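A.B. asks: Take a look at what TrEMBL says about it:
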- 523-615: domain 'DYW' (DOMAIN)
- 74-108: repeat 'PPR' (REPEAT)
- 144-178: repeat 'PPR' (REPEAT)
- 206-240: repeat 'PPR' (REPEAT)
- 277-307: repeat 'PPR' (REPEAT)
- 308-342: repeat 'PPR' (REPEAT)
- 445-479: repeat 'PPR' (REPEAT)
Amino acid sequence: PKVSISNSTQRRKEFVSLLKNCKDANQILPIHAKIIRTGHDQDPFILFELLRLSSTLSSVNYASTIFQLVHNPNVFLYTALIDGFVSAGSYSDGISLYFQMINRFIVPDKYVITSVLKACGSRFALREGKEVHCQASKLGLSSNRSITMKLMEFYGKCGEFDDARKVFDKMTERDVVASTIVINCFLDHGLVEQAIEVFDRVRVKDTVCWTAMIDGLVRNGEMNMALEMFREMQKENMRPNEVTIVCVLSACSQLGALELGRWVHSYIAKHHRIELNHFVGGALISMYSRCGDIDEAERIFAMMKERNVITYNLMISGLAMHGKSIQAIEIFRGMIKQGLLPTSVTFVAILNACSHGGLVNLGLEMFHSMSRDYGIPPQIEHYGCIVDLLGRVGHLKEAYNFIQNMEIAPDHVMLGSLLSACKIHGNFELGEQVARILMNHGVVDSGTYVLLANVYASSGKWKEAAQIRAKMKEGGIQKEPGCSSIEVNNEIHEFLLGDLRHPQKEKIYNKLEELNQVLKEAGHIPATDAVLHDIEDWEKEQALAIHSERLAICYGLISTKPCTTIRVVKNLRVCDDCHSMIKLIAKITGRKIVVRDRKRFHHFENGNCSCGDYW
């Protein structure tokens, strides 16, 4: 139908206004139908809004269908759909569409170049990205600030640091934003020293720059450096934002730095602009749980006005780690009552809780309800929890049969869990059977090899234990060194086996000697059967006596006030002898000692442990 110019302009305004008010994809359809009926389906202004909105409301396929019906798309319409593909993570489609535009001799502008460079970086499409860079240079756009930023990001993501640096060096304004992009590029590839070098050269750093550095250090496992960087940030009177706070809490969680975590929490309480939302609240729950103060984690959870499934997962997982199985199940049931659907992660947490509490029937019921009630197929982690649960209560044959009847192949972690249960319950016949399967498994880590050797050593089979050690040596597999840390006066002190690096080493070893004497008088007999060498008993006792957690506890005893809780973090499982010894130390000194090992927390008090001597 013929439409007058004034009428057409008025209709265009109406349609654009209607489209801008759409809140979901279903509202677009009737408006689009009306656009077609009134003959406005080729109007570039209406099409631009239609493409932009369809892409934004998760209907990028619909947007693509609309685009295919456009007779003469211009650069703005191409940009709208390329942006849509990039936002939806369809990077290859975005790149293909850009080159289709170039082949149709449509000149790109700075907006579409910025968008396609993001797609090239995310897809690691180096060749295509370099072509875009050349086109930008020919059009005189390569010095445009937004394009320059995206070029640095693109080359950084593709690991082309020389090219990223060349772009950076050509910039007339090498400000904090540009420097932050370069810092992120290095940190994404684990190049911490190079990132620090760029960071140190930034004269005026903003919160985003500090946060990028702290976050990158945490992601690269440099927790101590991350906390040191946060302290420097405080000295510079730079206010952290929500993301900074979560990064620092994550570092505290990893290190077990409870005092610093508490300080960060008090900072949040003082500065009301940082809310106790899902993001911050979840990080606090995780920090307190992993730093040994589960009561405070529960208090934070109770204070939160809004909770999502991630918050519940963190709380259930924290309670499970501390052996509070019944409380974890109550939280799970509360989540279901709130109408929140559990996820695969929820079931790993709740099955762990059942395992730590030895709740066999409930654990099996939870396992079966995953697929039956929630349509979640069990994964290797869920099967592993059931094997761990059955092993804990001594149902070893049932655990073995469960593995045999699984729909997926067992991994070395699951088999190692059953092997450990065989060792604890003294079933060396089944243990050897599992050991043989493990040795033929192919993918075995150092911890599994050590466990295998432990099983043989415990049953006096020194020849087999020696063969395992030889196999480790042949494969170039080194035992992960035991490392324990303790926080004293906001500082993290780390100890290795037989460590002599600490400035107070003499006092630490004097305390260790004093404790050994007191423990002997109290009737403690070292569990020398677990030492992986066929050597004299006195030599085995010496080997056990200098374990890293003992050194950390001794340092805690000489450097903290009487009756205060000692909290230690260990990277490996606590050995049998150290476990028995710590129970006695807690009883003799009247101290509560909390140890976090690789899998769980041990709360030692009055000669007992929260794990019930199964870990």
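Cβ coordinates are placed from backbone N, Cα and C, and glycine is handled just like the others.
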A.B. asks: Residue list, the repeat 'PPR' (277-307) vs rest of chain: Cβ under 8 Å, 6 or more residues beyond ends.
C.D. replies: 242, 245-246, 249-250, 252-254, 256-258, 261, 264-265, 268, 314-315, 317-319, 321-322, 324, 327, 331, 338, 565, 567, 594, 596, 601
A.B. asks: Sequence-remote contacts (6 or more beyond its ends) of the repeat 'PPR' (206-240), Cβ cut-off under 8 Å?
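C.D. replies: Hits for the repeat 'PPR' (206-240): 176-177, 179-180, 183-184, 186-188, 190, 192, 195-196, 199, 247-248, 250-252, 254-255, 257, 260, 267, 271, 492.
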A.B. asks: What parts of the chain pack near the repeat 'PPR' (74-108), using Cβ distances under 8 Å and only residues at least 6 beyond its ends?
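C.D. replies: Non-local partners: 44, 47-48, 51-52, 54-56, 58, 60, 63-64, 67, 115-116, 118-120, 122-123, 125, 128, 132, 135-136, 139.
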A.B. asks: With DSSP as the reference, give the number of residues of the repeat 'PPR' (445-479) in helix, strand and coil.
C.D. replies: 26 helix, 0 strand, 9 coil
A.B. asks: Going by DSSP assignments with H, G and I as helix and E and B as strand, what are the residue counts for the repeat 'PPR' (206-240)?
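C.D. replies: The counts are 26 helix, 0 strand, 9 coil.
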